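Features reported for this protein in Swiss-Prot:
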{"type": "TRANSMEM", "residues": "73-96", "note": "transmembrane segment"}
{"type": "TRANSMEM", "residues": "159-182", "note": "transmembrane segment"}
{"type": "TRANSMEM", "residues": "198-222", "note": "transmembrane segment"}
{"type": "TRANSMEM", "residues": "294-312", "note": "transmembrane segment"}
{"type": "TRANSMEM", "residues": "349-372", "note": "transmembrane segment"}
{"type": "TRANSMEM", "residues": "388-414", "note": "transmembrane segment"}
{"type": "TRANSMEM", "residues": "436-458", "note": "transmembrane segment"}
{"type": "TRANSMEM", "residues": "533-551", "note": "transmembrane segment"}
{"type": "BINDING", "residues": "Cys575, Cys584", "note": "[4Fe-4S] cluster binding site"}
{"type": "TRANSMEM", "residues": "591-612", "note": "transmembrane segment"}
{"type": "TRANSMEM", "residues": "665-687", "note": "transmembrane segment"}
{"type": "BINDING", "residues": "His676", "note": "chlorophyll a' binding site"}
{"type": "BINDING", "residues": "Met684, Tyr692", "note": "chlorophyll a binding site"}
{"type": "BINDING", "residues": "Trp693", "note": "phylloquinone binding site"}
{"type": "TRANSMEM", "residues": "725-745", "note": "transmembrane segment"}
Amino acid sequence: MAIDVSNQNDDLVKVVVDVDPVPTDFERWAKPGHFSRSLSKGPLTTTWIWNLHADVHDFDGYSTNLQDISRKIFSAHFGQLGIIFIWLSGMYFHGARFSNYEAWLSNPAKIKPSAQVVWPIVGQDILNGDVGDGFRGVQITSGLFHVWRASGITNELELFSTAIGGLVMAFLMFFAGWFHYHKAAPKLQWFQNAESMLNHHLSGLLGLGSLSWAGHQIHIAIPINKLLDKGVSASEIPLPHEFLVDKTQMINIFPSFEKGLTPFFTLNWKEYSDFLTFQGGLDPQTGSLWLTDIAHHHLAIAVLFIVAGHMYKTNWSIGHRLKEILEGHKVLSVSKGHSGLYEIFTTSWHAQLSLNLAMLGSLSIIVAHHMYAMPPYPYISVDYATQLSLFTHHMWIGGFCIVGAGAHASIFMVRDYNPADNYNNLLDRIICQRDAIISHLNWACIFLGLHSFGLYIHNDTMSALGRSDDMFSDTAIQLQPIFSQFIQRIHYMTIESTAPYVSHGTSPAWGGDIVAINGKIAMMPISLGTSDFMVHHIHAFTIHVTVLILLKGVLFSRNSRLIPDKSNLGFRFPCDGPGRGGTCQVSAWDHVFLGLFWMYNSLSIVIFHFSWKLQSDVWGNVNSSVVSHITRGNFAQSANTINGWLRDFLWSQSSQVIQSYGSSLSAYGLIFLGAHFVWAFSLMFLFSGRGYWQELIESIVWAHNKLKVAPAIAPRALSITQGRAVGVAHYLLGGIGTTWSFFLARIISVN
């Protein structure tokens with residue numbers, strides 16, 4: 001049987017590069033704006049510097065060569081990784097040089113982590129608070145100490161070594177970024193080979209990465225943690241490599257190591273259940289997930305992802321073509337299904353980035369919610385300041401990524417979308433139905449907003465009139481979250497039937513016993529009531545409004561009834577003018593601008609809810625079976641009115657930051673004050689128009705001309721878009737700084 005291999009060979013994946021495509025030239029670095037024909041002419045007005053910052057990374061704004069754009073993005077990724085490695089190296093160096101890590105290891109439940117000691121130049125050493133065991137420094141809330149313990153680091157030398165390793169990796173990343181742009185740059189077809197990319201990312205990054213971490217945990221981290229849990233001093237624990245070369249060290253901790261690989265090859269895997277466990281719940285000694293459960297999880301994940309890395313067809317006869325999967329997705333044959341989407345994601349990096357940002361942002365929010373209910377690192381659950389910081393951090397990261405997804409989806413629609421190539425496919429049909437989608441989503445927002453705020457306004461009114469029996473509360477008119485309670489109940493009750501070998505559910509948050517360390521609550525069942533029901537509908541309202549703004553921006557980014565030729569105006573433009581009133585703030589960029597404010601609204605309420613709820617109903621102490629929470633359970637009684645949120649959360653809990661002056665928390669008081677100023681400063685840009693500032697500038701320039709000190713670069717007021725960008729940046733920076741200082745001063749004081 002003859003086989004024609006000519007076409008098959010054409011389909012083979014080849015790694016193709018251009019050698020020495022772009023010479024290394026440092027002279028261009030000295031010429032700001034060299035990448036743009038207009039900017040390279042130099043500044044005539046002050047607008048030039050703003051345009052320089054706005055456009056410097058807009059690779060496809062000054063080039064239409066997709067291959068060159070792809071190479072620049074690829075190279076920039078290595079640069080980003082290099083910066084991350086330097087940052088991480090700095091964290092580890094601080095841990096080695098300036099921290100109380102070894103003291104913290106000896107008593108992590110009582111001693112607070114610190115890795116920064118402020119120098120006494122003119123009294124700044126007031127910031128060095130007593131974190132325990134005689135160490136004075138700034139308390140940190142990054143969770144790094146807990147990660148280091150979980151990974152088996154026991155001394156400063158190991159931290160130093162890792163810091164040096166981080167710098168070596170940073171150098172390799174910077175070198176790779178230069179090498180793959182200037183010396184051996186991949187061709188476009190390499191960037192567009194989705195199957196190979198997915199296979200390598202699934203098997204390599206996720207599969208082998210998880211396998212490596214599982215191996216590290218089993219052979220090094222868990223044995224060291226077992227010894228620490230038994231009270232062995234960190235200085236007496238064998239060095240990591242000793243567990244690898246001396247088998248008796250491992251056999252003393254895990255007897256199954258004596259049997260070697262025999263149980264593996266004879267499929268008698270249960271023999272390994274001493275280090276690959278399936279216990280569920282939290283370790284009562286450390287308040288974290290069982291490290292042996294985590295190792296088991298990573299081993300299972302590794303197997304799944306290594307298999308998943310063989311799903312997509314490349315040079316071998318197994319797997320599927322992504323294009324065929326997408327084009328085969330025809331539902332009831334009413335449309336072309338997903339045809340055209342493969343071409344979109346392999347030619348528009350904005351479309352691909354949008355999808356990735358939406359997924360990564362959602363994942364970050366999922367991480368935030370898992371990390372407090374299922375704390376992964378030893379003793380992190382009783383470090384309330386770290387728990388609050390990490391929840392807030394992951395929520396913010398998720399919010400910014402999701403807004404970024406909307407931004408890049410809009411850029412794709414404006415710059416990369418071709419209607420002729422997408423006729424009657426999934427995307428086209430969504431665009432055709434955009435009026436129905438947006439109008440219904442708008443109705444949902446109005447419904448949620450009016451009803452959820454209506455409940456609060458009713459309660460505030462009844463409270464003011466002294467009619468507490470007519471309020472929505474757990475003690476009067478109840479609005480119990482029955483569906484949430486049902487989900488909690490089944491997660492707690494059905495463990496015996498769904499996972500008979502597990503001793504506990506995934507988290508005590510579902511129900512069961514309190515997990516406490518030295519009398520301090522790590523996690524316990526979280527009761528939900530009327531106040532939770534009410535604020536959850538505020539969450540639903542703000543999230544839906546954020547989605548409405550971003551989705552409207554995407555679906556109407558090319559055209560609308562108001563501006564049919566919007567795609568010709570680009571991603572960002574102030575108005576469709578001059579001469580057309582009522583067409584301002586309709587660009588896709590403006591939707592991102594507005595979406596950022598609503599994202600801020602959404603997340604502020606989420607992190608406020610989290611902070612108050614856990615202080616009220618979870619965090620605290622257990623003494624002789626008597627549970628005492630930080631705010632003594634006042635969430636249920638107070639969080640059902642707007643006045644309650646203002647009085648018993650914002651005002652009551654801000655006392656620590658307001659009264660922090662003269663203490664080690666005084667920096668938070670100054671940040672609280674300064675961040676309020678930054679936030680207020682933003683309103684100057686958001687409320688006033690460009691003309692006001694241009695008139696003012698011209699008066700100031702007139703005065704300079706009189707004194708013959710007029711600048712060569714003519715001052716110009718910010719454009720409308722630039723003003724909004726500066727405004728939203730300061731609004732968010734001020735808001736985040738205010739919240740950060742408010743949270744930390746409060747939680748460090750009561751932790």
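Placed from the backbone N, Cα and C atoms, the Cβ positions cover glycine too.
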>> Please report, as numbers and ranges, the same-chain residues at least 6 past the borders of the transmembrane segment (591-612) whose CB is under 8 Å from any CB of it.
In response: 372, 388, 391-392, 395-396, 399-400, 402-403, 406-407, 410, 535, 538-539, 542-543, 545-546, 549-550, 552-554, 557, 585, 631, 635, 639, 645, 649-650, 653, 724-725, 728, 731-732, 735, 739, 743, 746-747
> Any residues 6+ beyond the ends of the transmembrane segment (73-96) with a Cβ under 8 Å from its own?
Replying inline: 57, 59, 115-116, 142, 144-145, 148, 156-157, 159-160, 162-167, 169-171, 173-174, 176-178, 180-181, 186, 191, 349
>> At a 10 A cut-off on CB-CB distances, which of the binding-site residues Tyr692, Trp693 has the highest count?
In response: Trp693
> Same-chain Cβ contacts of the transmembrane segment (725-745) under 8 Å, 6 or more residues past its ends?
Replying inline: 54, 141, 385, 388-389, 392, 396, 593, 596-597, 600, 604, 607, 611, 653-654, 656-657, 660, 665, 668-669, 671-672, 674-686, 718
> Among all the protein chains here, how many other CB atoms are within 10 A of the CB of Met684 (chlorophyll a binding site)?
Replying inline: 13
> What is the separation, in Å, between the Cα atoms of Cys584 ([4Fe-4S] cluster binding site) and Tyr692 (chlorophyll a binding site)?
Replying inline: 18
> Which residues of the same chain, at least 6 positions away in sequence, have a Cβ lying under 8 Å from the Cβ of His676 (chlorophyll a' binding site)?
Replying inline: Gly734, Thr738
> In the structure shown, with every protein chain counted, which of the binding-site residues Cys575, Cys584 has the densest set of Cβ atoms within 10 angstroms of its Cβ?
Replying inline: Cys575
> In terms of Cβ proximity under 8 Å, which residues at least six beyond the ends of the transmembrane segment (665-687) contact it?
Replying inline: 126-127, 129, 656-659, 718, 723-724, 726-731, 733-738, 740-742, 744-745, 748-749
> In the same chain, who gets a Cβ under 8 Å from the transmembrane segment (533-551) while lying at least 6 residues past its ends?
Replying inline: 402-403, 405-406, 437-438, 441-442, 444-445, 448-449, 451-453, 455-456, 472, 479-481, 484, 591-592, 594-595, 598-599, 601-602, 605-606, 609, 639-640
> Taking the transmembrane segment (294-312) as reference, which of 198-222, 349-372, 388-414, 436-458 has the most Cβ pairs under 8 angstroms?
Replying inline: 198-222
> Taking a Cβ cut-off under 8 Å, which residues six or more beyond the ends of the transmembrane segment (388-414) line up next to it in the same chain?
Replying inline: 141-143, 344, 348, 350-351, 353-355, 357-358, 360-365, 367-369, 371-372, 546, 550-551, 553-554, 557-558, 567, 570-571, 588-589, 591-592, 595-596, 599-600, 602-603, 606-607, 610-611, 614, 736, 739-740, 743-744, 747
> Where else in the chain does the transmembrane segment (198-222) make close Cβ contacts, counting only residues six or more beyond its ends and a cut-off under 8 Å?
Replying inline: 150-152, 240, 243-244, 250, 253, 275-276, 291-292, 294-295, 298-299, 301-306, 308-312, 314, 319, 322
